[in-house]
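Colleague: Below is one structure. I have some questions about it.
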């Protein structure tokens, strides 16, 4: 005689706490609490105040999503907190954390990601776009952060000095890690290493895709003649990391076809980034977002590629 046992469903408090943390791993499309904690540690290594602001943004993002009637299961997965975490990081990058304004702006901005997410999700699920199954991904963060940062220009702090590179090979080596860390607006090799560890903890394909996107993006950036110090500090190549992860195994089922399909789109992401930079536009993760949306629409009409 055998008996089967089922684990009890997590309590609402557990779902909220896990969802709050998982927002950090969902930035890279992963529902992994351990990976999330490593990524949070990467924030703390860069600056503990940045980590706190990201936590505040994540919490208010989850609240905003819940108030917009996203189910608690979505909160539990971290789907409502990751954009808020990024808003907190963006606010810290622009304003620091030495006054009350960044904290208030992070709370309001995090909360605002809820309705912005709802609108984008509605467009992608209730209109003719629904057949393409497009994700809202980090678009709510980009929209909210742009408004928040532009509206507080007078409070901006001087940009922190970044390392300078005079050798291409040093720039290339540094970029492998800083491209990863700059996804969350951190310019720190150790933070990049921690985040990369977190991605391999989530799955070897995830980590491998991040490395692929970082390396290929850097090669394109260098080939286009971009400043090697900006390349080395990850300021141009980070969107390719997200594109690589998204297309190799997140929104498309991982296969040889999906990995090959991702390659030209990583290149496109790098080119779009450079074009936006040269036009003086605020990029955030728009190059990844726009490229991935187009790639998924194209994939819809191709054989051999299956959605997850």
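Cβ atoms are placed via backbone N, Cα and C, with glycine included.
Quantities reported herein were computed from a predicted structural model and do not represent experimental measurements.
Sharing the feature lines straight out of TrEMBL:
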- 27-46: transmembrane segment (TRANSMEM)
- 52-70: transmembrane segment (TRANSMEM)
- 77-97: transmembrane segment (TRANSMEM)
- 103-124: transmembrane segment (TRANSMEM)
- 136-155: transmembrane segment (TRANSMEM)
- 167-186: transmembrane segment (TRANSMEM)
- 193-215: transmembrane segment (TRANSMEM)
- 235-252: transmembrane segment (TRANSMEM)
- 259-276: transmembrane segment (TRANSMEM)
- 288-305: transmembrane segment (TRANSMEM)
Colleague: Given the cut-off of 8 Å on Cβ pairs that are 6 or more apart in sequence, determine whether the transmembrane segment (193-215) and the transmembrane segment (103-124) share at least 3 such pairs.
Modeller: no
Colleague: Under 8 Å, at least 3 Cβ pairs, sequence separation 6 or more: does that hold for the transmembrane segment (103-124) versus the transmembrane segment (52-70)?
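Modeller: Yes; at least 3 Cβ pairs under 8 Å.
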Colleague: Please identify the stretch among 27-46, 52-70, 77-97, 167-186, 235-252 with the greatest number of Cβ pairs below 8 Å relative to the transmembrane segment (288-305).
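Modeller: Maximum Cβ contact count belongs to 235-252.
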Colleague: Could you check whether the transmembrane segment (77-97) and the transmembrane segment (27-46) come into contact, where contact means at least 3 Cβ pairs under 8 Å with the two residues of each pair 6 or more apart in sequence?
Modeller: yes
